[in-house]
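Annotation comment: Swiss-Prot describes 74, 78, 160, 183, 184, 185, 186, 187 as NADP(+) binding site.
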């Protein structure tokens with residue numbers, strides 16, 4: 001089980017889900033980037049950016065969310081577990097990792113990812129995580145065991161509306177909070193959705209990844225407000241909200 005530095009919980013407190021919401025879920029957009037705004041050395045390459053302190057912070061954040069969403073590119077590149085390893089606020093040995101973990105949500109319109117044989121399946125089978133929801137635009141020919149498929153209608157640009165995704169997660173799965181971790185296409189789209197994002201939490205690692213890296217750069221200007229900074233051993237973390 002992981003612990004977090006004592007100064008992180010008070011720093012993050014005002015940016016966590018408040019638990020008193022009607023309508024769409026509380027949404028936290030969070031990711032780690034290099035100094036040159038890259039989230040990976042190359043597309044499809046798993047890349048270490050942040051210090052162990054901020055990796056532990058990620059698990060702390062997961063504890064406070066009902067769901068955790070990533071895109072198909074990230075799940076294919078990283079094979080993540082998407083569970084929560086934080087020890088919890090009460091250090092309760094009877095609280096299982098499965099209970100503490102958010103529900104994984106995979107945005108996979110073309111059904112490129114397979115749950116079978118994944119790290120997620122392994123953790124779920126061990127009682128250390130939850131089975132995923134896969135958001136897609138078509139009914140799979142063969143449905144994988146323990147996977148729930150959320151079939152969504154794409155728009156004229158062959159994209160799924162983020163508002164529709166969040167509304168459906170709340171209505172059909174009672175998700176009051178969702179943490180979104182990437183990848184770049186997901187992040188760049190959501191940075192333009194100030195009406196849907198409640199908190200933005202960005203870790204900046206002490207590394208440059210170079211010109212071939214995968215860049216976070218939304219298509220237009222994005223202004224932030226309510227900004228706070230935290231300094232760790234080798235990373236800094238920025239918490240903020242998007243201006244309307």
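Every residue, even glycine, has its Cβ placed from backbone N, Cα and C.
Structural mapping of features recorded in Swiss-Prot.
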residue: 74; record: NADP(+) binding site; contacts (Cβ under 8 Å, 6+ apart): 80, 181, 182, 183, 186
residue: 78; record: NADP(+) binding site; contacts (Cβ under 8 Å, 6+ apart): 46
residue: 160; record: NADP(+) binding site; contacts (Cβ under 8 Å, 6+ apart): 107, 109, 135, 137, 152, 153, 154
residue: 184; record: NADP(+) binding site; contacts (Cβ under 8 Å, 6+ apart): 39, 40, 73, 214, 215, 216
residue: 185; record: NADP(+) binding site; contacts (Cβ under 8 Å, 6+ apart): 71, 73
residue: 187; record: NADP(+) binding site; contacts (Cβ under 8 Å, 6+ apart): 29, 31, 39, 180, 216
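Residues 74, 78, 160, 183, 184, 185, 186, 187 are recorded as binding NADP(+); their most distant pair of Cα atoms lies 23 Å apart. Within 10 Å of the C-beta atom of residue 183 (NADP(+) binding site) sit 24 other C-beta atoms, taking all shown protein chains into account. In the three-state DSSP scheme, residue 186 (NADP(+) binding site) falls into the helix class.
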